[in-house]
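Listed in TrEMBL for this protein:
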type: REGION; residues: 25-45; note: region 'Disordered'
type: DOMAIN; residues: 53-278; note: domain 'Cation efflux protein transmembrane'
type: TRANSMEM; residues: 53-74; note: transmembrane segment
type: TRANSMEM; residues: 86-104; note: transmembrane segment
type: TRANSMEM; residues: 116-136; note: transmembrane segment
type: TRANSMEM; residues: 156-175; note: transmembrane segment
type: REGION; residues: 184-211; note: region 'Disordered'
type: COMPBIAS; residues: 190-211; note: compositional bias 'Low complexity'
type: TRANSMEM; residues: 220-241; note: transmembrane segment
type: TRANSMEM; residues: 256-281; note: transmembrane segment
type: DOMAIN; residues: 282-357; note: domain 'Cation efflux protein cytoplasmic'
Amino acid sequence: PVNGASPGLPSDDESLLDRDIALRSARAGRPDPCSGCSSRRERSKQRKVKKRLTLAALLYLLFMTGELIGGYVANSLAIMTDALHMLTDLSGIILTLLALWLSAKSPTKRFTFGFHRLEVLSAIISVLLVYILMAFLLYEAVQRTIHMDYEINGDIMLITAAVGVAVNLIMGFLLNQSGHLHSHSHAHSHVPQPSSPSAAQGSSHGHSSHGHSSLAVRAAFVHALGDLVQSIGVLVAAYIIRFKPEYKIADPICTYVFSILVVFTTVRILCDTGVIILEGVPRHLNVDRIKEDLMKIEDVYSIEDLNVWSLTAGKTTAIVHLQLVPGSSSKWEDVQSKARQLLLNTFGMYKCSVQLQSYKQEMSKTCASCQSSSA
């Protein structure tokens, strides 16, 4: 891997698929499918992924509502906390669907970068909602631990917990299938358009979304597995409370444990969204490494400026200002092309802008009044 980033190599099934396509094309004496065919195939697979994720979101919503009702009727905080954790997974799936939808939206005159940051705003709002609900459940759990003046309907709690395990098994299967389905549609790119000879500044748009939505689907699958473990924990607590009502303290204990799990699954989201809002460099990229590789390009004298930030998760943007070796200004197109290829392909940028100028010896930047005052 370059710079700690995922190398973007195809998975085993993807490489086999590509090899099979290449063999069939060679046998038929035809070239490989054009970019239009690849785009259609990509859109078709994304539609299938959207359908599966939409179905998963509806199932999560239905059962989350059912768990909240069952937890209220059974007077069980553990069931309601399980529903809260399910809300984090539901919001994750909705964010994935939002990202897939926003990636197809064209930029406007007002929003020239597009609407990718809506995904970040949605993530923050969903996490804050989860924290508000969690604070309420924790308060109730503390009150129950102190006073112990509550009764739990063990039968309803047991039935709800058992259904929860079944639903999470279905979710795991559904999301795992959509992850495999999408694994073939990772890499697609727009060929950078040559800039006009009159301008020594170019901007290219590489669609380095390989694996972004696939990784999001896999993340949802991992969350579903976490939910399954939590549902099994609730089922065990329900079994204890059903047959040993004197151990009803297991219900608030489950709430404490699951609240910690909710915090662990959401704090990473807050950290990542914070870095995006503050326009920080993504964790998988190293600016020094990018500068080193840019300096290795022939005829590059220095790097005047380099800015790297994310529009949203998986969509990194870069602006770089390079100075050329004296007397090599005629080679600017070649240098620009190599810099673009490095940023788009090697480091997986979504968009990049490369500005070039001939080397100019740095002049004194202090004005006359500053020089006189220092004297």
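Cβ coordinates come from backbone N, Cα and C, glycine included.
The transmembrane segment (53-74) and the transmembrane segment (156-175) are in contact, since at least 3 Cβ pairs between them lie under 8 Å (pairs 6 or more apart in sequence). For the transmembrane segment (156-175), the most Cβ-contacting stretch among 86-104, 116-136, 220-241 is 220-241 (pairs under 8 Å).
Shown for the domain 'Cation efflux protein cytoplasmic' (282-357): DSSP residue counts in helix, strand and coil, namely 27 helix, 30 strand, 19 coil. In the predicted structure, the domain 'Cation efflux protein cytoplasmic' (282-357) carries a mean pLDDT of 89. Sequence-distant contacts of the transmembrane segment (86-104) (same chain, six or more residues past either end, CB-CB distance under 8 Å): 46, 49-50, 53-54, 56-57, 60-61, 63-64, 67, 114-116, 118-119, 122-123, 126-127, 129-130, 133, 171, 209, 212-213, 216-217, 219-220, 223-224, 227, 262, 265-266, 312-314.
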